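Q: The structure under discussion is supplied below as structure tokens; questions concerning it will follow.
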Amino acid sequence: MAVYECSNTMRDFLRDLPKCEHHLHLEGTLEPDLLYPLAQRNNIELPEQFPKTVKELEDRYKQFKDLQDFLDFYYIGCEVLLKQEDFFDLAWAYFKRSHSQGLKHAEVFFDPQSHTSRGIAIETVVSGFQKACVKAQQELHISSKLIMCLLRHLPVEDCKATLESSRVLFETQQLHGLGLDSAEKPFPPELFAECYETARTFHPDIQLTAHAGEEGDASYVSNALDLLKASRIDHGVRSTEDPELMARLARDKVMCTVCPLSSVKLQVFQDVRELPLTEFLNAGIPFSLNSDDPAYFGGYILDNYVAVQTRFDWDLATWEKVVRQSIEGSWCDDKRKNELQAELEAVVTKYKALA
Ligand SMILES: Nc1ncnc2[nH]cnc12
Ligand SMILES: [Zn+2]
């Protein structure tokens, strides 16, 4: 197991940076020590082969063979979520934990189909998550947006029906963005072009993103831009395979939401140092650093920042640039962005004086 440690001062600096998270699956924050109590509370029988204790489950999570190996556990985990309060408890635990790591703004994914397929109304899911978002704003001053994802391994007709059931939630801006997740291959973006076209009619301010270039090659990224009209790419780390695409991401300022610990746990890279962060910086491609599914991948947002620091040894100015870009690429309004930029400036000034 890799160890990621940096100096105490650097860690304090990274903690104090006003962090924005753009790639976080709420269902991926289900810690083993919440999974079993929720299964008991809801009388859910876990599969025969499923680990029986928190310790056994944590051990199983130490390494995944690939994305699918992880997803098999992720979808079993979803099954313990039933009632509005379960969704609230899950999201609230994420906000509390991330608050202690300096999270200020979160744009979070959820997968309605992993719940509606078990007879749970989408409104139950969304209202539980929303309550947690409101409490996070009031008590922790964390702003947030909800992004509904379509599960690309399911039939497109199923995705279309889910989209239709979410129309009012988008029209009333209870949902802010649409995403695409689950097994990337062999489910390329083009399968979902119609879904994205429909979603664009829901609200003029709807934001579109898609997982691409995680296990799929660079053409998945190009096609997410061309055919889905996504303005952001989740992961996008395989974009380096296509120089023209790299130039396009830089020119159009397309944010890639990179997930360092996730990409190592899922064996996309063998070590955090292999992530194309230097290539992105040199090319002028904006990116943010995110935790993806922190309960499964062993770290929340600060843990991902620390892991990057141990491998890339960035100076304060580079961190300032990365955090500034992640604020600029957020989907919050200008007032909130200005607040976050002011916080960033104050933190950087403080730590420059200490250096
Ligand atoms: N990293 C990931 N990639 C694709 N689908 C996901 N669903 C949850 N986490 C995911
Ligand atoms: Zn993801």
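Note that Cβ sites are derived from N, Cα and C of the backbone, with glycine treated the same way.
The feature active site, proton donor is assigned by TrEMBL to Glu214. Positions annotated as Zn(2+) binding site by TrEMBL: His23, His25, His211, Asp292. Residues annotated as substrate binding site in TrEMBL: Asp293. Sequence annotations record features per position, and here TrEMBL assigns domain 'Adenosine deaminase' to 18-345. The site 'Important for catalytic activity' annotation in TrEMBL covers His235.
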Q: Out of Glu214, Asp292, Asp293, which of the recorded positions is least crowded by other Cβ atoms within 10 Å?
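A: Counting other Cβ atoms within 10 Å of each of the recorded positions Glu214, Asp292, Asp293 gives the minimum at Glu214.
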Q: If the criterion is a C-beta within less than 6 angstroms of any ligand 1 atom, which of the recorded positions His23, His25, His235, Asp292, Asp293 pass it? List them in sequence order.
A: His25, Asp292, Asp293
Q: Compute the centroid of the Cβ atoms of His23, His25, His211, Asp292, then list the same-chain residues not in that set whose Cβ lies within 8 Å of it, in sequence order, for the Zn(2+) site.
A: Leu24, Gly28, Phe109, Asp181, Asp234, His235, Thr257, Cys259, Ser262, Asn290, Asp293
Q: Could you measure between Asp292 (Zn(2+) binding site) and His235 (site 'Important for catalytic activity') for me? Cα positions, answer in whole angstrom.
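A: Between the Cα atoms of Asp292 (Zn(2+) binding site) and His235 (site 'Important for catalytic activity'), the distance comes to 9 Å.
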Q: Around His211 (Zn(2+) binding site), how many other CB atoms lie within 10 A of its CB?
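A: Looking across every protein chain shown, the total is 28.
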Q: Let me know how many other Cβ atoms fall within 10 Å of the Cβ of His25 (Zn(2+) binding site).
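A: His25 (Zn(2+) binding site) is surrounded by 24 other Cβ atoms within 10 Å.
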Q: Including all protein chains shown, what's the count of other C-beta atoms within 10 A of the C-beta of His235 (site 'Important for catalytic activity')?
A: 28
Q: Per-residue pLDDT averaged over the domain 'Adenosine deaminase' (18-345) comes to what?
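A: Taking every residue in the domain 'Adenosine deaminase' (18-345) and averaging pLDDT yields 98.
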Q: Have a look at the recorded positions Glu214, His235, Asp293 and say which one has the shortest Cα distance to His25 (Zn(2+) binding site).
A: Asp293
Q: Inside 10 Å of the Cβ of His23 (Zn(2+) binding site), count up the other Cβ atoms and send me the figure.
A: 31
Q: Cα distance, His211 (Zn(2+) binding site) to Asp293 (substrate binding site), nearest Å?
A: 14
Q: What recorded positions in Glu214, His235, Asp292, Asp293 place CB under 6 Å from ligand 2?
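A: Near ligand 2, sequence order: Asp292.
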Q: Determine, to the nearest whole angstrom, how far the Cα atom of His235 (site 'Important for catalytic activity') is from the Cα atom of His23 (Zn(2+) binding site).
A: 8
